[in-house]
Amino acid sequence: MSMDRRLPRRRWTLAGQVVCLLLCACALDRVLAQIRYSVPEELEHGAFVGNIAEDLGLDVAKLSSRRFRIVSGAKKQYLEVNLENGILFVNEKIDREELCEQSPGCFLHLQVVIENPLELYRVEVEILDVNDNAPSFPWSEFNLEITESAAPGSRFPLESAQDLDVGSNSLRSYLLSANQHFVLDIQTRNDGSKFAELVLQSPLDREQQKTHEMVLTAVDGGSPLRSGTAQIKVTVLDANDNVPVFDRSVYRVSLVENAPRGTLVLKLNATDLDEGANGEITYSFSGHAPLKVRELFSVDSHSGEIRVKGIVDYEKASVYELYVQAKDKGPSAVAVHCKVLVDILDVNDNAPEVILTSVSTPVQEDAPPGTVIAVVSVMDRDSGENGAVDCQIPGNVPFQLHSSFKNYYTLVTSEFLDRESVSEYNITLTARDLGSPPLSTRKTILVQVSDINDNPPRFIQPSYTVYVTENNAPGASICSVTAFDPDSNQNAYLSYSILEGQIQGMPVSTYVSINSDNGNIYALRSFDYEQLRNFQIRIQAQDAGFPPLSSNVTVSVFVLDQNDNAPVILSPLSRNGTVATEMVPRSVDAGYLVAKITALDADAGQNSRLSYQMLQATDPGLFSVALYTGEIRTIRRFVDKDAIRQRLVILVKDNGQPPLSATVSIILSVSLSDFGDLSLSPQPPSNLALYLIVSLSTVSLIFLVAIIVLAAVKCYKDRDSLGGYALSSLGTACCSFEPEPPADVFKKSNLNLKISTGAKVPTNCVEVNSNPGNLSQAYCYKVCLTPESSKSDFMFLKPCSPGTPRNNTLKILTWSVSNLQQEKLFSALLLHLGTDILCQLYIKGTRAHTHKLIIQYTMAHGRGLVSSIMGLGKRKHYRERAGANGDVSCL
């Protein structure tokens with residue numbers, strides 16, 4: 001401060017030059033130092049003490065930012081620092097006598113704390129005494145009674161003067177005004193204080209002068225000199241020739257501090273050879289006994305017992321000097337004196353004091369081991385072992401306590417901290433002295449741990465599975481993912497996003513979206529189970545720390561089927577919008593498979609499980625449909641009154657909720673299975689019917705003749721091309737006959753079906769040869785076309801009559817049963833029949849109306865494929881077919 005810089009150089013010299021001592025501290029990570037100043041007491045506010053920033057080598061501009069501050073254990077803030085210039089100045093007037101009483105040395109202990117980084121400096125400010133107190137006596141007048149018989153050299157202690165100053169400013173000497181009989185003898189106590197004794201230099205004569213008055217002056221050694229005076233009045237008494245005598249001139253005893261009031265310290269013993277009142281002794285403190293002694297101790301005037309009167313505290317004084325006098329009750333009694341030294345024994349009655357001078361909190365969790373957290377100072381006012389202090393902290397915390405200066409400790413980290421495990425520590429510091437019993441003090445230090453972004457987000461589940469029903473509403477929430485981050489504040493704020501990817505070639509962002517704040521996932525489109533049954537997306541959760549951390553999770557989305565597809569009829573198929581038509585032989589038995597409805601449902605599960613039922617039928621009692629297979633079978637045999645054309649409407653329904661269905665209509669045309677089945681009506685035909693029959697017969701005959709002529713011409717032209725296969729037995733007929741072999745022969749023979757393109761036979765004839773060495777038997781087939789069907793039915797009938805025309809070419813195919821699986825042999829027959837047909841070969845069994853499907857053959861664009869071959873290679877089937885006729889039907 002500017003006013004401080006203008007202090008006179010001479011006054012600063014009187015106050016004492018500022019002395020700075022820098023000491024290196026080995027125990028601290030930061031460089032610590034100790035600096036010392038001296039300053040006189042009684043300076044006014046603002047007085048300059050020293051430029052502490054310059055002395056410590058600190059940057060004045062950073063004092064405020066580094067939170068430069070002074071910590072003191074004193075009750076008042078005597079000193080302060082100007083953060084603008086770093087000057088240490090007097091904040092409050094210092095009274096050394098109030099602060100340290102009469103201690104030889106008086107110091108203010110300060111701790112300078114600087115943060116960023118944490119640094120500690122120890123400052124000692126010595127308070128220099130100034131002579132601001134004059135010596136003073138307890139009484140302004142002393143009365144002494146001295147017998148006239150007192151011998152020269154007799155000593156009479158005087159009341160001591162008190163000077164609150166210390167050192168050179170304290171009491172230095174006593175002066176006595178001029179007189180003829182007395183001089184002063186100045187004595188020094190063990191503690192350096194002085195007192196005066198009045199010494200009789202020449203005998204007194206009461207008859208000449210009864211009283212003597214003198215002035216006693218006490219002076220100190222200060223500058224300027226200060227003094228105090230008191231009047232001494234000596235009354236001369238008549239002689240009492242014996243004085244009391246103490247058995248010792250000096251007594252020394254020990255007394256435990258804090259001894260209760262009334263405790264006996266010592267019993268004095270003095271004797272007087274006189275008798276009567278001259279021999280009765282009374283005890284009292286000498287006049288120069290200090291006031292503090294009189295407050296702490298008492299002397300029984302009769303017994304001479306010295307007892308404790310006040311509270312004896314070792315920390316205030318370890319030794320007390322008591323001056324006790326004894327005198328008799330005779331006239332002109334002369335007092336004798338003795339000295340009592342009371343040694344105070346220290347008792348461990350003061351617990352250590354813990355002062356937390358600095359705490360650097362919060363501490364980052366990544367702070368390296370050895371980081372200084374706090375600086376702690378301890379003190380114990382006891383002495384010796386009772387004043388030795390040891391500090392400890394619990395061993396279960398990641399901190400250590402290091403000793404720096406005497407009674408100074410630093411709290412440092414011993415390992416890396418983890419805020420997610422422990423966010424704050426309550427560290428109990430225990431300071432315990434070595435007394436018996438030991439006393440201790442506990443201090444709790446709260447250390448908060450600040451967070452760093454060292455933990456990535458974590459999802460509650462390792463993966464998510466979501467089920468979404470198809471046809472969902474776009475924009476609806478389908479699920480929610482949740483992650484948590486054990487960090488705090490911004491480091492724990494999470495945002496969600498969908499990682500890039502593709503679903504069926506499209507970006508995943510076109511299918512789903514996510515709320516970045518709460519993790520809700522929304523469908524952006526309506527899903528179709530039939531197109532997309534499941535897909536996966538990757539969700540990322542990222543915190544807002546620096547640098548940001550993230551983690552991913554897989555969400556598997558399964559689309560659940562809804563019954564949104566009706567069954568689709570696959571067969572039978574209608575052509576050009578017409579109703580499908582099937583042919584049914586009239587002679588079939590009950591249970592005959594008429595047709596099979598084949599349908600497909602694009603849904604899944606129960607939604608695709610189909611059932612079939614008859615909705616409409618021309619004759620409901622004639623046909624039935626299997627509930628789950630869709631097979632249409634006859635319930636009974638056909639009768640004459642049954643309609644030749646039967647219409648069925650079949651309902652195909654799935655098992656969904658609600659169920660969806662489709663219908664298919666089938667026209668069943670009943671055909672005659674044998675020419676013998678045709679019977680004339682028992683009713684005579686009418687004339688109109690007769691005319692129709694005649695007309696039809698005529699037309700049929702003409703057509704038949706034309707066919708025979710054409711067949712004969714064809715057979716004639718192809719006769720030469722037959723070679724060794726020419727059939728002489730056919731003659732003019734289209735079919736030839738050979739005896740049917742016995743059943744046992746048929747069992748062992750091969751069934752040969754021959755079609756030869758070179759023979760002159762009708763196109764509707766085929767030769768079947770059971771044995772290559774025998775003659776073949778010719779069978780004829782016919783093509784029946786119904787108005788309701790676009791298909792042709794091909795079936796074998798009985799052997800043709802000899803009258804069959806020969807003008808058609810006979811196509812003969814030798815077909816061995818053992819070669820049924822060879823595709824090339826059967827292809828010739830199919831090439832003759834057409835290019836786009838389905839052929840089935842049935843073997844009629846010995847049992848009535850039983851059929852076995854042997855071959856199902858498909859021709860497509862001239863290429864044949866054996867679809868199924870059943871029952872071949874087993875003797876049992878041959879036995880069943882012994883003597884049977886083979887039927888081949890082609891569609």
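Glycine too: its Cβ is placed from the backbone N, Cα and C atoms.
The feature signal peptide is assigned by TrEMBL to 1-33.
Mapped onto DSSP classes, the domain 'Cadherin' (31-137) shows 13 helix, 43 strand, 51 coil. According to TrEMBL, the feature domain 'Cadherin' maps to 31-137 (among others).
Annotation source TrEMBL lists domain 'Cadherin' at 138-246 (among others).
With DSSP states grouped into helix (H, G, I), strand (E, B) and coil, the domain 'Cadherin' (247-354) comes out at 10 helix, 47 strand, 51 coil. The domain 'Cadherin' annotation in TrEMBL covers 247-354 (among others).
Here TrEMBL flags 355-459 (among others) as domain 'Cadherin'. Taken as a whole, the domain 'Cadherin' (355-459) shows an average pLDDT of 89 in this prediction.
Here the domain 'Cadherin' (460-569) is broken down by DSSP into helix, strand and coil counts: 7 helix, 52 strand, 51 coil. TrEMBL lists 460-569 (among others) with the feature domain 'Cadherin'.
Annotation comment: TrEMBL describes 584-684 (among others) as domain 'Cadherin'.
Residues annotated as transmembrane segment in TrEMBL: 688-713.
With Cβ pairs under 8 Å as the measure, the domain 'Cadherin' (31-137) is packed most heavily against 355-459, out of 247-354, 355-459, 584-684. Helix, strand and coil counts from DSSP across the domain 'Cadherin' (355-459) read 4 helix, 53 strand, 48 coil.
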